[in-house]
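What Swiss-Prot says about this one:
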type     : residues : note
TRANSMEM : 22-42    : transmembrane segment
TRANSMEM : 44-64    : transmembrane segment
TRANSMEM : 97-117   : transmembrane segment
TRANSMEM : 140-160  : transmembrane segment
TRANSMEM : 163-183  : transmembrane segment
TRANSMEM : 207-227  : transmembrane segment
TRANSMEM : 259-279  : transmembrane segment
TRANSMEM : 319-339  : transmembrane segment
TRANSMEM : 366-386  : transmembrane segment
TRANSMEM : 389-409  : transmembrane segment
TRANSMEM : 423-443  : transmembrane segment
Amino acid sequence: MSTTDSIVSSQAKQSSWRKSDTTWTLGLFGTAIGAGVLFFPIRAGFGGLIPILLMLVLAYPIAFYCHRALARLCLSGSNPSGNITETVEEHFGKTGGVVITFLYFFAICPLLWIYGVTITNTFMTFWENQLQMPALNRGFVALFLLLLMAFVIWFGKDLMVKVMSYLVWPFIASLVLISLSLIPYWNSAVIDQVDLSNIELTGHDGILVTVWLGISIMVFSFNFSPIVSSFVVSKREEHEKEFGREFTERKCSQIISRASMLMVAVVMFFAFSCLFTLSPQNMADAKAQNIPVLSYLANHFASLSGTKSTFATVLEYGASIIALVAIFKSFFGHYLGTLEGLNGLVLKFGYKGDKTKVSMGKLNTISMIFIMGSTWVVAYANPNILDLIEAMGAPIIASLLCLLPMYAIRKAPSLAKYRGRLDNVFVTLIGLLTILNIVYKLF
């Protein structure tokens, strides 16, 4: 065999799919599938069949192109082991590092508030509807749940990290199983409501506005941006030295594409199954009640008259328990990120980044009190969760996931080769539409 043939054979072997590629595909997929998915069917099904079909068309491009853009930004740094903060500082200086620190903190903290509201509402509806117990004081319930989680986090963080990682796959399996099990309960209500002769495109309940608002919940639900930096560093260390950055970029894009396909398939099937089981009016009721779709399904099956099937009985109780586990998993993961982000801000601005000037134990305690206290205030106030996602959570995620990479592509020389592409226009448009939701919510 010639030298050229050997090189080609070696490259073909190395470029083949590895076990680590499968691990990262599932890791990206698992990061995105959390409590946010439980609200996607409500927003997606709120406007009926046509908007959710349009969202189905948009789902994969949003998931793939936006995360690929962020991955390309992470790949553009000169240090293969450098994370996104180091890369942004390399391109834009210390100011860029400060901006990314702020963005990370404010992208995660509102999500924690959202989960604080969600876990309170989910527990209360389970307590009152499934257990048939008298209503409890909302402030007490929120405080009890947050203190319980704070206790677990404080005394068993390492154990909980392992437990939560194991819960990802049972939760995903539960979503798929529920989606399949709902098929016998599908009905034609959502199809019957379609009137092609009287389609409203604009207006508050028009198709375009519904899809526009749906983009925000897709950005929120299809989001694995917190793990992209670690993913890219891992792949650069695995491939870049031997095969170069271009090969590494193609490998990262391939993994992100497959993870996005898996994510869209599971989430959209779950959303369609919920919509065909319920109706657009049921989705509107779920939004008004401010509860995730699994809690609404539990209440829906609890209200069925006559003899119930075994599945209906199991779902009546199991759906809320699955929702609580999913929310706790998401809350725990986002709490760690929020704590890290808040500590980073305090160290950067209060101690100029010098960890020796402060006790980390004391800093963790103060940060925990602030985080849990602010979460309790929001949980007690009980703002509408979808409105909170659309007005706060999704726009900040879009700033980090969509607009920051697009700005870097325009300004950073190492990203110049990606300029002038149509997918850049798409990612920028998704980011701007998501952020403009803030204006829509105000007016």
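Each residue's number is its place along the chain shown, starting with 1.
Cβ coordinates come from backbone N, Cα and C, glycine included.
Segment contact holds for the transmembrane segment (423-443) and the transmembrane segment (207-227), given three or more CB pairs below 8 angstroms at sequence separation of 6 or more. Sequence-distant contacts of the transmembrane segment (163-183) (same chain, six or more residues past either end, CB-CB distance under 8 Å): 29-30, 33-34, 37, 266, 269-270, 273-274, 276-277, 294, 297, 311, 315, 319, 322, 325-326, 329, 332-333.
For the transmembrane segment (366-386), same-chain residues at least 6 beyond its ends with a Cβ under 8 Å from one of its own Cβ atoms are 39, 42-43, 109, 112-114, 116-121, 138-139, 142-143, 146-147, 150, 153-154, 217, 287, 290, 335, 338-339, 342-343, 346. Nonlocal intrachain contacts for the transmembrane segment (259-279), taken as residues 6+ away from its ends with a CB within less than 8 angstroms of a stretch CB, comprise 24-26, 28-29, 32-33, 37, 40-41, 44-45, 49, 52, 55-56, 59-60, 63-64, 67, 172, 175-176, 178-180, 182-183, 185-187, 189-190, 193, 221-222, 224, 286, 293, 296-297, 300. Contact counts against the transmembrane segment (319-339), taken as Cβ pairs under 8 Å, peak for 22-42 among the stretches 22-42, 44-64, 389-409.
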